[in-house]
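Feature annotation from TrEMBL assigns domain 'Succinylglutamate desuccinylase/Aspartoacylase catalytic' to 34-228. Residues or ranges marked as Zn(2+) binding site in TrEMBL: His44, Glu47, His139. The annotation N-acetyl-L-aspartate binding site is assigned in TrEMBL to Arg86, Glu201, Tyr311. The feature substrate binding site is assigned by TrEMBL to Asn93, Arg94, Tyr187, Ala188, Thr189, Thr190, Arg191. Here TrEMBL flags Glu201 as active site, proton donor/acceptor. According to TrEMBL, the feature domain 'AstE/AspA barrel-sandwich hybrid' maps to 242-321.
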Amino acid sequence: TKVLLYNYFLFCFQQFLELLKSMTSSSVVDKPPVRRVAIFGGTHGNELSGVFLVKHWQENGAEIQRTGMEVKPFLTNPRAVKKCTRYIDCDLNRVFDPDNLGRTVVEDIPYEVRRAQEINHIFGPKGSDDAYDLIFDLHNTTSNMGGTLILENSRDDFTIQMFHYIKNALAPERCPVLLIEHPSLKYATTRSVAKHPVGVEVGPQPQGVVRADTLDKMRKIVKHGLDFVQLFNEGREFPPCTIEVFKIMEKVDYPRNKNDEVIAIIHPKLQDQDWQPLNKGDPLFLTLDGEVITYKGDCTVYPTFINEAAYYEKKQAFVKTVKMKLTANHIRSSVLEPNTS
């Protein structure tokens, strides 16, 4: 399709820019210290790893506290958490755009829009100097994505450096990075209030269920992220680094009939194959009559969010991604923590 070709050329151009950046970036870039950090759980009320962790840390937050910064665990959608449902009126993770954040509060305003304005008041305002420095937003997926980090800005050196640190700390366990920067797909996420938004997406885990292994994986990601921030604040320099990311290119819907009903399901050979290469002719969907619908694209893509339960309503069977490399500059904190020893 024209959209996929456009995205592919855009991807190639970005690869060239990253190569150019890596060849020319040798000097150290001073970045402001990260003083205020929030950890969001329950943005979707039935994704329970983040809910359990945030509630625990609100009662006993010793493990998330670090010298020189405030770390605030926060339950973002308490009504949805109480009902163990994704949301009450609309998806909280899609309403942090200027229209909704500036919407007049009236009696029938959707609960999540009102809640977004409250969150923006506490942790923002979004895009301002007063906004929180960093937000970890904890999510679960029913897809086989493992412990995934979500990046919103390909030019955010600090976050790329953090992801590089987390990936190395978790090795040899895989920790994919999904880049959701896109010219037309706009997410307006809850975490986008912060200067450095970090999505943590761990699965597979059913909605309304908590698994110990999934929760532990999420907990480790947050720990290593906070460790990185403390090291950065204390003056550790981080030399240029490069990470592999999967850049979102296109959403793919299920085949549907004239009544807009799903008529084919994810093929068994695609199910659970998040981050694996998908080539022309590979099976995508299977009808109940046994017809196999194959991938007809000419370039290899890497699907993820495969058969995510929450995305049936969003008409999304999976997303296509392409692999690319991102390089971050050599960074250090512009203000060092005082030596108290």
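Quick reminder: no glycine exception, Cβ is built from N, Cα and C everywhere.
For the domain 'AstE/AspA barrel-sandwich hybrid' (242-321), the DSSP-based tally of helix, strand and coil residues reads 3 helix, 31 strand, 46 coil. Other residues of the same chain near the substrate site, with their Cβ within 8 Å of the Cβ centroid of Asn93, Arg94, Tyr187, Ala188, Thr189, Thr190, Arg191, are Thr43, Leu92, Val95, Phe96, Asp137, Ser192. When other Cβ atoms within 10 Å of the Cβ of Thr189 (substrate binding site) are tallied across all protein chains shown, the result is 25.
Local packing around the binding-site residues Glu47, Glu201 was summarised as the count of other Cβ atoms within 10 Å of each Cβ; on this measure the leading residue is Glu47.
Note on proximity: among Arg86, Arg191, Glu201, Tyr311, the binding-site residues of the record, the Cα nearest His139 (Zn(2+) binding site) is that of Glu201. Residue with the densest Cβ environment among the binding-site residues Asn93, Thr190: Thr190, by other Cβ atoms within 10 Å.
Cα spacing between Arg86 (N-acetyl-L-aspartate binding site) and Arg94 (substrate binding site): 12 Å, rounded to the nearest whole number. Taking the mean position of the Cβ atoms of His44, Glu47, His139 as the Zn(2+) site, the remaining residues of that chain whose Cβ falls within 8 Å of it are Gly42, Thr43, Gly45, Asn46, Gly50, Arg86, Asn93, Leu138, Asn140, Thr141, Ala310.
Using a 10 angstroms CA-CA radius around Asn93 (substrate binding site), none of the binding-site residues in Glu47, Glu201, Tyr311 qualify. Tyr311 (N-acetyl-L-aspartate binding site) and Arg94 (substrate binding site) are 13 Å apart (CA-CA, integer value). The N-acetyl-L-aspartate site, placed at the center of the C-beta atoms of Arg86, Glu201, Tyr311, has further neighbours from the same chain whose C-beta lies within 8 angstroms: His44, Glu47, His139, Asn140, Thr141, Thr142, Phe305, Glu308, Ala309, Ala310. The Cβ of His44 (Zn(2+) binding site) lies under 8 Å from the Cβ of Asn77, Ala80, Arg86, Tyr87, Asp91, Leu92, Asn93, His139, Asn140, Ala310, each of these being in the same chain and 6 or more residues away along the sequence. Cα-Cα distance from Ala188 (substrate binding site) to Tyr311 (N-acetyl-L-aspartate binding site): 16 Å (rounded to the nearest whole number).
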